[in-house]
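**Q** Got a structure for you, written out below as structure tokens; questions coming shortly.
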């Protein structure tokens, strides 16, 4: 029957009739319209990926730049204000007032860490490290560079925890039970971490500098080809939307760090050639090759990840709005953390080690002598402050625009409302008693914001209310059965939805990138 439908004339089959049938037969793609429409949409999605990805990358890099400039511009001024308060309050006789606010304590700790680490970095000889690395073979340097990348991700994943532990230990209300080893041990742990991480980044910069100055450029070519190995380790893995968000944050941090490393390499090379502008054009092709390979790898990687996991290009707009909400919520009066720390948790970008190294390289490369040089330094500092303010204002405006475009205003209001009860509760009269049946919340005199989990469970509804989640009651027979059900069961998948993008506190960098 099938043969008759294809070749209805069975009389005298011949090669000529077969060739005529093959040359004249037709088919209609519209019979499978859904399939071909889907394939066309995939092509359009891949074509949109570079634009949407670079918009996310640009916004994220300006977020990192804002946190990085904060260390050089506003942090020293905030330290001076904290020291002024520390010196003037005892002299004014304000014994009942708190000596320093929690934010001021954190600012002083950051400044002390940077000052101590900068003094320690003076004993590290950059030139000796450069010549020590230059004496190694190409293959050994390639292995060293890969090991440094892995170590940098490990340091970043654990470093912010060390700093957060120090900040909380120093500002924790004294009325609570002592459950830590003390502020001084935490402080020395933080200093030791920042110093080691700064040395690690210095070795990375020295290795990249050796690759730039090698005669045959073989080491630089091998190091750039290592970026394409990253495609093999990422493209063929299953990624959900949250996992792709984590990878995007890590790519933003990696690209910004590479730009700072390139800046350090250019400063060191320009110093060696007595700031001859002609040598800058010699470095330009290598710098362009590093940046171009990084951008190409990111575009290809994200294009195929979205293709294989059926994700649209619109997810990057959602990621951008999530970062914008993080920025806006950290600017609120009752924010839980400093903005630079929130960027560190979200992207794994810790500005302190990178800032210490950049200050060390700039001071060793640029000699400041005379009154004119001092005036130029002051103007440069004022320019940095202007750049920081301008960047912050533009980011705030763009963040409001991205949140409105993604229609995520409600999530921003929910995150802001989570901190509101602590402010209203602090205005309650001291001897007022709560009505019967209402739990009284103890507010510390330090005005330290309450933990996020307590505020969500006691003062405000959940960030993502789900009618499938019942209130906290003793488990019934159905709940007990669900507790013993396997994790892959459809009941648990339906009952517990996926974690929202805003609930990803930070990206543990070594999770998806090292493997």
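FYI, residue positions are counted from 1 along the chain as it appears here.
Placed from the backbone N, Cα and C atoms, the Cβ positions cover glycine too.
Whatever TrEMBL says is automated annotation, not expert-curated.
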**Q** Can you dig out which of the ranges 79-100, 145-166 TrEMBL describes as transmembrane segment?
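**A** Feature transmembrane segment in TrEMBL: residues 79-100.
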**Q** Quick test of the contact rule: Cβ under 8 Å, at least six residues beyond the ends. What residues does that give for the transmembrane segment (372-397)?
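**A** Contacts of the transmembrane segment (372-397) (Cβ under 8 Å, skipping residues fewer than 6 from its ends): 59, 62-63, 65-66, 69-70, 72-74, 327-328, 331.
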**Q** Can you see whether the transmembrane segment (56-73) and the transmembrane segment (349-366) are touching - at least 3 CB pairs under 8 angstroms, only pairs 6 or more apart in sequence?
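**A** By the criterion, they touch.
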**Q** Which sequence-distant residues neighbour the transmembrane segment (112-133)? Criterion: at least 6 residues beyond either end, Cβ under 8 Å.
**A** 71, 141, 144, 187, 190-191, 194-195, 198-199, 202-203, 206-207, 209-210, 268, 352-353, 355-357, 359-361, 364
**Q** So if I exclude everything within five residues of the ends of the transmembrane segment (183-203), which remaining residues of that chain have a CB under 8 angstroms from its CBs? That is, six or more out.
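**A** Long-range Cβ neighbours of the transmembrane segment (183-203): 109, 112-114, 116-117, 120-121, 124, 126, 129, 133, 144, 148, 151-152, 155-156, 158-159, 162-163, 165-166, 169-170, 257, 261, 350, 352-354, 356-357, 360.
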